[in-house]
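A.B. asks: So Swiss-Prot lists these for the protein:
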DOMAIN    28-316  domain 'Protein kinase'
BINDING   Ile34, Gly35, Glu36, Gly37, Ala38, Tyr39, Gly40, Met41, Val42, Lys57  ATP binding site
ACT_SITE  Asp152  active site, proton acceptor
MOD_RES   Thr188  phosphothreonine
MOD_RES   Tyr190  phosphotyrosine
Amino acid sequence: MAAAGAASNPGGGPEMVRGQAFDVGPRYINLAYIGEGAYGMVCSAHDNVNKVRVAIKKISPFEHQTYCQRTLREIKILLRFKHENIIGINDIIRAPTIEQMKDVYIVQDLMETDLYKLLKTQHLSNDHICYFLYQILRGLKYIHSANVLHRDLKPSNLLLNTTCDLKICDFGLARVADPDHDHTGFLTEYVATRWYRAPEIMLNSKGYTKSIDIWSVGCILAEMLSNRPIFPGKHYLDQLNHILGILGSPSQEDLNCIINLKARNYLLSLPHKNKVPWNRLFPNADPKALDLLDKMLTFNPHKRIEVEAALAHPYLEQYYDPSDEPVAEAPFKFEMELDDLPKETLKELIFEETARFQPGY
């Protein structure tokens, strides 16, 4: 009987893990179950070539346009990015023909845990909070320098290993920044995880500007300080109410930035709220951490701190080194917007994008 979570491979075909075939041999062997993603299973495996254990994500996206889109975005972006604080793609395994391709296996560095799991079990020291925040912002500086927005930064998308290295993952919702087309109506549905969503997403923004990611990093910093999410909204408007309950009512100047009248009138209809002092919410926190938190969790996206200024903030001074905070070689361009392409076309693009890993390529 195979151990729980271990793989069985009696006949030399694909290894089976919890009833799922993992067709990744002969290079990758000794599979062990790690967890389940939105559209696939993740296992660790031994890499026979590099003699290390790696993570392998099995993705089966081809039945759904949205899953194809996210898979293609993730692959396109991660193959072009190269940075210590962003998870890379080491290898991609798929069938040799498009007709046979039902799954895609993405091989990445094995990271022991993520910030979500860590915060469920550990109180972080100020030193750990400072070092994790520095690495998040160092990775984000590179992402933003490529003119890309992550748009789904949250603790479970920050991978960690035992030496406290941090890598940002999951670029399935990423976009090229497009401030000129950021405006939308009041309460348009938005996909990223609600608790880490900036207030303008609820009001009048598509989340196409870099300030959207900075807000999420502020939410993550607050969560590291207290081991609980700062704005755990139960639904769309509740999310906004949580934010205003701590930040207080927006100023007239901040209201003037909200072009959408429905959104502005909604805010004006709410009773006045005072800002809650950060040191009352986080009495044990380093005052410098709270100063940076305040600059990230700023209601008005135009006044929110940018990533370079955040890195240069006194709280991160022991790590700050602009000469060791690399930027992307060139801004990222999606030749085409993927949103409207049919899944058959997206499958062809995924097939092409992964060809470089095929034997004899």
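Each residue, glycine too, has its Cβ placed from N, Cα and C.
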A.B. asks: Using Cβ-Cβ distances, find the residues under 8 Å from Glu36 (ATP binding site) that belong to the same chain and are at least 6 apart in sequence, listing them in sequence order.
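C.D. replies: Once residues fewer than 6 apart are set aside, Glu36 (ATP binding site) is near Val42.
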A.B. asks: What's the CA to CA span in angstrom from Ile34 (ATP binding site) over to Asp152 (active site, proton acceptor)?
C.D. replies: 22
A.B. asks: According to DSSP, does Ile34 (ATP binding site) sit in a helix, a strand, or coil?
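C.D. replies: Its secondary structure by DSSP: strand.
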A.B. asks: Including all protein chains shown, what's the count of other C-beta atoms within 10 A of the C-beta of Val42 (ATP binding site)?
C.D. replies: 18
A.B. asks: In sequence order, which same-chain residues at least six apart have a C-beta under 8 angstroms from Gly40 (ATP binding site)?
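C.D. replies: Spatial neighbours, sequence-distant, of Gly40 (ATP binding site): Lys57, Lys58, Ile59, Ser60, Asp103.
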A.B. asks: Per DSSP, to which secondary structure element type does Gly40 (ATP binding site) belong, with helix, strand and coil as the options?
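C.D. replies: The three-state answer is strand.
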A.B. asks: Which one of the recorded positions (Ile34, Asp152) has its C-beta surrounded by the most other C-beta atoms within 10 angstroms?
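C.D. replies: Neighbour-count leader: Asp152.
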